[in-house]
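Worksheet for the structure shown next.
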Amino acid sequence: MALTSIGKRRRANFERFWYTHHLFVIFFFFWAFHGAFCMIKPDYPPFCAGIGVFWMYWIYGAVIYLVERLLREIRGRHKTYITKVVQHPSNVVEIQMKKEKTKTRAGQYIFLCCPTVSVWQYHPFTLTSAPEEDYISVHIRCVGDFTKALAKTLGCTFDEGKGKGGKGKTGVVGVNNQMAPDDVDPSIRRVLPRIYVDGPFGSASEDVFKYEVAVLVGAGIGVTPFASILKSIWYRMNYPQTKTRLRKVYFFWICRDFGSFEWFQSLLLAIEAQDTANHIEIHTNKIQSPACVPRLTLVDQIGTWYSGRFESCTHQQKPACFSADQSH
């Protein structure tokens, strides 16, 4: 169990880490017999209890753990279905789904299980949808055994580089056959796999709405919590009846490839188009070389996704340290 917990080995084979750690059930079962059968007798009465006593030290924790696992299965069985699957560049798949009796808040996360891939595994993913939207969504970077198998089950073809969801492109690769309108391309209408969702949980990111100035910093796929927040900010700007104390938002996003910029193109452009009062400043940084390239050169390299106005700063540079001075 300890060897499979090492970071490098865990990332190389998460399946081995997952199932090895569940051997603790067998481990504690045999520990329940520790001190039993009077194999070692003490020097004082009653000399031998005849049964093991170690179980008394872990039984309460075991009951709590068992109840939690049972509740997860019960919550996960609430009616949930995938409505749309979108393939993005950089091996990212977006899953849009609906779950009955579910209310979300910006920055929350869920535990997701796909029985077609693994009946036992629940993996945590941050929600990228806003509470104002009528669905919940997650963006998953497909780098491990589970995520790669999940993407394949959903119909993603990252390696082939062809089709609507081919490599370097963004496209819908699957729409729920029962929910799809009549005008949807028949080639993407399909019966999508069943999923279980436990959650959502957490709400720490909602603190951003309690302050007048917020600084959001994300890197790569780690930007997902801010996707939900930025969307919620966008909705609150378009629908003033939703109150917020926010007056200024600074968003810094650092990534390694231009595909990641395309990943958020519609969100960033929509925010900037609606932000006529300049409440939000968006800074995207591509870490590659020490040379600082002009914005127009960078836009040319990004390709066809760039359209319309995008006044926020885009940089290509090595990592740097910044300090904030509040003297003014």
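FYI, residue positions are counted from 1 along the chain as it appears here.
Cβ atoms are placed via backbone N, Cα and C, with glycine included.
What you are looking at is a predicted structure, and each value in this text was computed from that prediction instead of being measured.
These features come from TrEMBL:
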type	residues	note
DOMAIN	75-207	domain 'FAD-binding FR-type'
TRANSMEM	17-37	transmembrane segment
TRANSMEM	49-67	transmembrane segment
TRANSMEM	106-123	transmembrane segment
TRANSMEM	213-235	transmembrane segment
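Here the transmembrane segment (213-235) has Cβ contacts under 8 Å with residues 92, 106-108, 125-133, 138-139, 141, 205, 242, 244, 246-256, 260, 264, 267, 270-271, 274, 280 of the same chain, all six or more residues outside its ends. Confidence for the domain 'FAD-binding FR-type' (75-207), expressed as mean pLDDT, is 83. Under DSSP, the residues of the domain 'FAD-binding FR-type' (75-207) split into helix, strand and coil as follows: 19 helix, 47 strand, 67 coil.
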